[in-house]
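The next block holds one structure in the form of structure tokens; read it before the comments.
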């Protein structure tokens with residue numbers, strides 16, 4: 001709208017009249033849009049659903065609905081997703097598919113992001129730092145839980161006795177007091193609250209927090225937390241073909257199969 005058209009707002013003058021109904025407008029473009037009411041013209045077409053609109057503003061509002069719409073639904077649980085790729089990733093929960101394999105320990109993951117986070121347990125990388133005390137973490141979730149030490153926040157509440165906890169793992173461990181499960185898992189990790197049946201299992205687990213890798217490769221010197229990981233790694237030097245079993249459990253048939261694949265191919 002130019003300055004002369006703006007003046008018409010104050011004067012009340014509306015020089016452009018509709019020949020169909022007599023309604024008047026300040027600008028010719030406003031009249032042009034209005035005429036679509038009578039002609040039925042809808043020049044703005046939605047490529048997602050085919051719906052058409054007479055006004056660009058209405059079209060823009062409609063497109064926002066599609067951006068927030070979850071059109072792709074999981075046939076197993078009906079959870080909705082905006083993009084098909086997100087649905088495919090979600091379906092791995094039901095199929096058991098884990099296509100991303102750690103070359104160090106052969107642990108498999110459903111997403112590449114989960115594998116990247118896991119690899120930090122081998123590299124020792126801890127990119128997340130607490131601003132209050134400087135403690136480092138390999139996962140953002142671990143840092144968030146740790147910050148509650150400083151803030152005093154305890155968002156997890158026991159439904160039995162209403163005791164509050166900083167982390168979900170701490171709550172799960174606490175609930176075993178009520179269920180009696182603690183007797184079966186008496187060895188408790190002081191870092192994350194995870195419990196184990198045997199002290200040896202706890203010692204191995206603690207290496208996740210300490211970064212200790214007591215089993216070095218005699219060829220290249222790379223360290224590992226467990227002997228099983230070292231044995232798998234040593235095959236990369238000998239050229240021995242490594243096979244891994246991936247348990248893909250069929251939810252339809254009771255007699256599920258376990259499939260093998262060769263990671264060297």
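Backbone N, Cα and C atoms are what each Cβ position is placed from, and that goes for glycine too.
What TrEMBL says about this protein:
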type	residues	note
DOMAIN	16-43	domain 'C2H2-type'
DOMAIN	44-71	domain 'C2H2-type'
DOMAIN	72-99	domain 'C2H2-type'
DOMAIN	100-127	domain 'C2H2-type'
DOMAIN	128-155	domain 'C2H2-type'
DOMAIN	156-183	domain 'C2H2-type'
DOMAIN	187-214	domain 'C2H2-type'
DOMAIN	215-242	domain 'C2H2-type'
Among 16-43, 44-71, 156-183, 215-242, stretch most in contact with the domain 'C2H2-type' (100-127) (C-beta, under 8 angstroms): 215-242
Residues in the domain 'C2H2-type' (156-183) grouped by DSSP into helix, strand and remaining coil: 15 helix, 4 strand, 9 coil
